[in-house]
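Summarising the annotation, Swiss-Prot assigns ATP binding site to G87, S88, V89, A90, V91, G92, K93, S94 and lists sequence analysis as the type of evidence.
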Amino acid sequence: MSPFLSFSRATWSELRNSVPMTLSEEDLKALQGINENLTMQEAVEVYLPLSRLLNLYVQARQSRNSVLHQFLNNDEHAPPFVIGIAGSVAVGKSTTARVLCALLSRWENHPKVELVTTDGFLYPKKELDQRGIMHKKGFPESYDMKKLVQFVSDVKAGKPELEVPVYSHITYDITEEVKKVDRPDVLIIEGLNVLQSGMDYPHDPHRVFVSDFLDFSIYVDAESNTIEQWYVERFLKFRKGAFTQPGSYFSHYTQLSEQQAIEKAQQIWRDINGINLTENILPTKERAQLILRKGPNHLVEEILLRK
């Protein structure tokens with residue numbers, strides 16, 4: 001018997017329960033990724049019911065905190081509700097994270113919602129080169145996990161004015177910018193490996209993971225060959241957009257012909273992203289509390305919710 005309840009898109013959309021849509025078409029356009037076509041229908045039928053579910057979870061957590069405050073006779077700031085969103089490169093998890101961030105921030109009982117991507121915790125390019133793992137960017141070993149876990153731990157401890165490094169997809173490196181995170185009501189952490197746990201490292205049983213701090217977890221899923229196709233399509237769009245910007249690490253790819261670019265993207269997928277998906281990301285899927293399963297057209301077709 002499956003540990004998940006399965007919902008068709010139509011059945012799931014009914015769980016919206018008349019919650020009003022608070023985002024406009026313009027809002028959605030600003031939130032979607034380069035290779036996504038996020039429609040109002042998708043937002044209403046998939047993400048609005050999900051925001052309602054998450055709101056109920058947050059409310060339950062806030063009620064529990066108020067009991068604790070009553071018992072301790074204090075009004076200390078409650079720790080944030082932390083949501084993790086995982087999935088492959090090019091599957092659309094960043095768009096999912098941005099849409100949920102926007103929707104959740106419009107609920108009156110938790111208006112302060114922050115979104116942090118784990119990209120900011122990648123080792124700088126120089127260090128990846130020194131370690132000889134530049135070709136493994138995105139793999140667990142390419143992240144400063146100690147720094148990432150410390151950040152999430154500090155957020156949960158209620159520490160104010162935390163700083164998160166900012167990553168640039170143009171320079172392919174950590175920048176000098178920082179993002180401030182100051183005791184949000186809800187924190188969304190989006191990244192490839194946020195659902196990894198001690199089960200992935202049996203030789204190191206005392207290690208602490210981001211997943212240890214999550215209150216709710218989402219995995220954005222699709223067939224591997226479908227994601228590969230999306231990756232190639234995204235690569236071709238970047239080739240005509242982001243790769244042409246001054247200082248772009250990938251500017252040399254703009255000189256490739258269309259066919260050469262397709263072959264290069266397929267090679268990168270085959271040698272890096274596909275392996276990372278199979279070895280490190282996909283094994284964490286079953287740990288998620290909710291799985292959004294997408295079809296070839298980028299639309300969510302099935303929702304799996306842990307019982």
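From the backbone N, Cα and C atoms, a Cβ is placed for every residue, glycine too.
Each of the binding-site residues G87, G92 was scored by the other Cβ atoms within 10 Å of its Cβ; the lowest score goes to G92. Over all protein chains present, the Cβ of V89 (ATP binding site) has 21 other Cβ atoms lying within 10 Å. Within the same chain, the residues at least 6 positions away from K93 (ATP binding site) whose Cβ sits under 8 Å from its Cβ are I85, A86, G87, E190, V220, listed in sequence order. Each residue in V220, I227 lies on the same chain as G87, S88, V89, A90, V91, G92, K93, S94 and has a C-beta within 8 Å of the C-beta centroid of that ATP site, without being one of the site residues.
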